[in-house]
Amino acid sequence: MIRAYNKTNQFQESLEMYHFMCENKIEPDKFTFTFVVKACTGLLDLKEGVLVHEKIVEKGLEGDVFIGTGLVDMYCKMGELVSAEKVFDVLPERDVVTWNAMIAGFSQSFNPEDGLVCFKRMQVEGLLEPNSVSLLNLFPAVCKLGDVKACRCIHGFVFRREFPVAVSNGLIDMYCKCGWVGSGENIFYLMRGRDDVSWGTMMAGYVHNKLYDQVIELHDKMKGENMIMDKVSAVCALLAAAEMRDLEKGIEIHDCIKHQRIGSDVRVVTPLITMYAKCGELQKAKKLFAGLQERDLVSWSALIASTAQCGEAEEAFSLFRDMQSEKLKPTKVTLLSVLPVCGELLCANMGKSIHCFSIKADIDSDVSIGTTLVSMYAKCDIFSVALTVFNRMLHKEIVTWNALINGYAQIVEPYKAMDLYYQLQLSGLHPDSGTVVGVLPACALLEDLRYGRCIHGTTVKLGFGSDCHVRNALIDMYAKCGNLLAAEFLFYKTDFVKDEVSWNTMISGYIQNGHAQKAISVFNQMKIEAFVPNLVTIVSILPAIAYLAALREGMALHCLIVQTGLHSNTLIGNSLIDMYAKCGRLDHAEKFFIEMHNKDTVTWNAMLAGYAVHGHGAHATEFFSVMEESHVKVDSVSFVSALSACRHAGLVEEGRKIFCSMREKHHILPNLKHYACMVDLLAHAGLFDETLSLIKTMPMEPDAGVWGAFLDACKMHDDVDLAELALKNLVRLEPGNPAHYVVLSTIYAQSGRWGEARSTRLQMTDTGMRKTPGCSWLEDKGIVHGISSG
């Protein structure tokens, strides 16, 4: 009877029958204990299991191989590895099943490397040949370790022997989870007698490595070969369609699910809900959820996460409460679905509420929950709490450290990010690709090329230097540290499989280092290689076009923006206005400004700067007044552009009014740029007394921009005495700049003081200074030419 209950998974009834047997003074034998231990394992009832174990010891049956194996299996599945090892060690005889149970226990533990050790011991000490179960139990350990060398060794072991298809499927899964998708593909395509699990495993491998295109491609091949789509394949295909935001493909997969009649399974409907929500069909997702007969925690979690990701945070939290009101107690899985969304949407209050719930439910000490909480608080810029959660965690995984390192780098706290990286190394954990991607931006912010190279060396040593995300971070770091040669070397390496981020990073690197022409060349190459420029690409390349005044390139890019539907994006609209203005087509800039629906302060500033650059002072001041009347929030940049316009047009009175309104009306303190504009405006108008008075009353020390503007005005008015005063201050501030000597020499020459002009030039030559040649750009027939002078 006990065995019969076990076979139908009625483990509670099995134990009740055992207790009834004992109460009737019928002594259990070794077969009874074998079945009872299995029932305890099925219920994960450790307390009962320990009592049964004590009874087994009393009866002297602990050395029985079947009972011992059952106890090892029970303790391993309950996470009590120490107890499992004690039973295992006292067994006088161990068969393959016993070793397999121990391998499985180690593989699922925090020390999966012990699983590999046990697998070796089985062959050396036990002199036993591993079977398919041994390998299937070992695979999770290799996946956790990401040990490619172990993958290859096991693959070689399997290759020399005959094993069922399940082992080949396990090899595919193992390679994919270790990041070697190509090796998994080779096994898949060379397999004889592939089953539906093989297809599902390969698709799951692609999903694990975020290769969503390949998932859809494999799904289409599966349909072409008239294979039956099982639940795993369906789930993988839906996840891929969701990540690609491909609603058409998602609907096609949904039709296949209906045809295969697996659409009522909650495990299939849940990713369907996610797919529709991520593709913008939230109502369809809610309808599917409402139609579920049995809603489990996973389906609730999917709808909550999807709702929040669609920007409806309040509704997501309301759903979370509804789930609780249905007496469904949120589990770790539920919280892990909701907390990341709180971080992404910066919903700190919602995150705090869930944190409180996790404490009440006594799951806040779980590593996954702790890590997600650290990440959520870091993204919400509440680092004091993030650090408290981090420090209270007894066990930290590498992702926990990564969450905090990434957070500090993103809020421009490079020293803290680097300090945490040092602590990670001292903790005994090895950095992974996520750590490197998090810490390299800190090196870039500090422009610490030396330490950046050290981290590069670490990536090569640990074997993830070829990882695309790591390579992109390295390119970005080298470019921001001024080492373009190293960035180019990594970018153009033949083994580098680039993504959109790679191209965007290289384009930004060239622009940051003043190589606008090279940036445009890389952009053109990106299109040739069939990469579609995204929002980041366009926002990166437009400043390069503006810098070169390459109007033809700019207009071609504008067409591409319209084709891709990005013309309504405010960020791109602002860049287009700036580009057209700098390319001399103020009319195009004005037209686009008028047509823009979602204007912000930057939009108005871009147009205002365009008027200022083109010397349209009256237009600029009028436009600035319209900004104020339209209740646009003017900022420091707005005033720089407005004052520059007054400076170019010589509008002294308007400039004074605008400068005064900064403090009085808008409560903005002028900075050095504003003072430089006013000095330039007043001095060029010949108001030197007022200019000097303004310089003396500045709340900060005048910089080279202020004195340079003053010197330039002295040149216009041939005022030698004041020019000498300006040069004296400029030499103190910028001792190596020859331009100031050139201006003073010109002033001397204009005043007929040729000896002093020659003396100034000689003084510049004696100190080793040379005038930097000027450079202009000219576009002819689509080619941008540089013309130097001086």
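Just so it is clear, glycine is given a Cβ too, placed from its N, Cα and C backbone atoms.
All annotation found in TrEMBL is predicted automatically rather than curated by experts.
Here is what TrEMBL records for this protein:
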type: REPEAT; residues: 1-28; note: repeat 'PPR'
type: REPEAT; residues: 95-129; note: repeat 'PPR'
type: REPEAT; residues: 195-229; note: repeat 'PPR'
type: REPEAT; residues: 296-330; note: repeat 'PPR'
type: REPEAT; residues: 397-431; note: repeat 'PPR'
type: REPEAT; residues: 499-533; note: repeat 'PPR'
type: REPEAT; residues: 569-599; note: repeat 'PPR'
type: REPEAT; residues: 600-634; note: repeat 'PPR'
type: REPEAT; residues: 635-669; note: repeat 'PPR'
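For the repeat 'PPR' (600-634), the DSSP-based tally of helix, strand and coil residues reads 26 helix, 0 strand, 9 coil. Here the repeat 'PPR' (296-330) has long-range neighbours at 266-267, 269-271, 273-274, 277-278, 280, 282, 285-286, 289, 336-338, 340-342, 344-345, 347, 350, 353-354, 357, 361, meaning same-chain residues at least 6 beyond its ends whose C-beta is under 8 angstroms from one of its own. Long-range neighbours of the repeat 'PPR' (600-634) within the same chain, counting only residues 6 or more positions beyond its ends whose Cβ lies under 8 Å from a Cβ of the stretch, are 570, 573-575, 577-578, 580-582, 584, 586, 589-590, 593, 641-642, 644-646, 648-651, 654, 658, 666, 668. Secondary structure of the repeat 'PPR' (499-533) per DSSP (helix as H, G, I; strand as E, B; remaining residues coil): 26 helix, 0 strand, 9 coil. When pLDDT is averaged over the repeat 'PPR' (195-229), the result is 90. Assigned with DSSP, the residues of the repeat 'PPR' (397-431) fall into helix, strand and coil as follows: 26 helix, 0 strand, 9 coil.
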